[in-house]
Amino acid sequence: MRTTHDELLDAEDAMVFDDQPLDTAALTHTICWRVAVWSRLHTLKNSYNMILKLFIAFSFLISASYGQISVVDFCVADYSVANGPAGYSCKNASKVITDDFIFTGLGVKGNTSNFFKVAVNGAFDLTLPGLNGLGLSLFRLDIDVGGVVPIHTHRVSEVIIVMEGTIIAGFIGSDNTAYFKTLNKGDVMVFPQSLLHFQVNVGNIPALAFVSLNSPNPGFQFISASLFANNLPSSIVEKITLIDKDQVKKLKSIFGGTN
Ligand SMILES: *[C@@H]1O[C@H](CO)[C@@H](O)[C@H](O)[C@H]1NC(C)=O
Ligand SMILES: *[C@@H]1O[C@H](CO)[C@@H](O)[C@H](O)[C@H]1NC(C)=O
């Protein structure tokens, strides 16, 4: 049987692999809390309600110490050391300069000469080292008339603001309910973490939007490419998608899949 203790350990593991840099002082603090709280739990075996209250308070403490509070002002990415699940290591603070916190170039339209007539450019941990560890990124989205950001997913949530044009944006819940709407200048929509979502320019001028995501490196998994740009044998792609052989071949040739 899973115990509250297992859940606490799981919650902590999840926090360690969150996008925040691992903060060893906070971790030590959390471990002390865990020992203290857990021995207290042992003395309260008969009081389920009390345990529940402690668990809720404890979860709050963990999320507060990992999600919000830091013992350093910033952790500018040190690209000379490999990236890890918690982000890049911190550049020596004595070598940090103002430009580590600046990204320029989102004032100009991206290159939309491609199959989907779309360009995405922006500030994330590889282009703006000061974002490392802060749980943020920001992108400019240009979608030409008839263009589309095809259905895709990220590890985190996204918020969009439309600056020019008219787009249909939407996402699909894990129960397959679709939430979608036509957005115009000034409209904002949020796409909850990891859910499939899309944007389509349905207006007659190029659309411009900005999106922000709550990770310095949100990841991007474009479903059609995942299915048809891979090296899985076509016979397996047919089985796992229920799409017939000719169509699988056609899509593999569009997306560059092999086998
Ligand atoms: C950071 O750089 C300073 C100045 O070069 C140096 O004295 C210090 O030892 C460095 N700190 C670390 C942790 O490397
Ligand atoms: C835009 O992208 C296309 C396709 O990759 C390329 O041929 C073209 O040179 C690019 N245009 C500019 C202005 O960079």
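Backbone N, Cα and C define each Cβ position, glycine as well.
Straight from TrEMBL, the features:
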- 50-69: transmembrane segment (TRANSMEM)
- Cys75-Cys90: disulfide bond (DISULFID)
- 104-249: domain 'Cupin type-1' (DOMAIN)
- His152, His154, Glu158, His197: Mn(2+) binding site (BINDING)
- His154, Glu158: oxalate binding site (BINDING)
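On the structure: features taken from TrEMBL.
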residue	record	contacts (Cβ under 8 Å, 6+ apart)
His152	Mn(2+) binding site	Leu196, His197, Phe198, Phe220, Gln221, Phe222, Ile223
His154	Mn(2+) binding site	Gln193, Ser194, Leu213, Ser215, Pro218, Gly219, Phe220, Gln221
Glu158	Mn(2+) binding site	Val190, Phe191, His197, Val211, Ser212, Leu213, Pro218
Site with most surrounding Cβ atoms, counting all protein chains shown within 10 Å, from the disulfide-bonded residues Cys75, Cys90: Cys75
Coarse DSSP state, helix versus strand versus coil, of Cys90 (disulfide bond): strand
Mean predicted confidence [pLDDT] for the domain 'Cupin type-1' (104-249): 96
Residues flanking the Mn(2+) site, with Cβ no more than 8 Å from the Cβ centroid of His152, His154, Glu158, His197 and excluding those residues themselves: Thr153, Phe171, Phe191, Leu195, Leu196, Leu213, Pro218, Phe220
Residue counts (helix, strand, coil, in that order) that DSSP gives for the domain 'Cupin type-1' (104-249): 22 helix, 57 strand, 67 coil
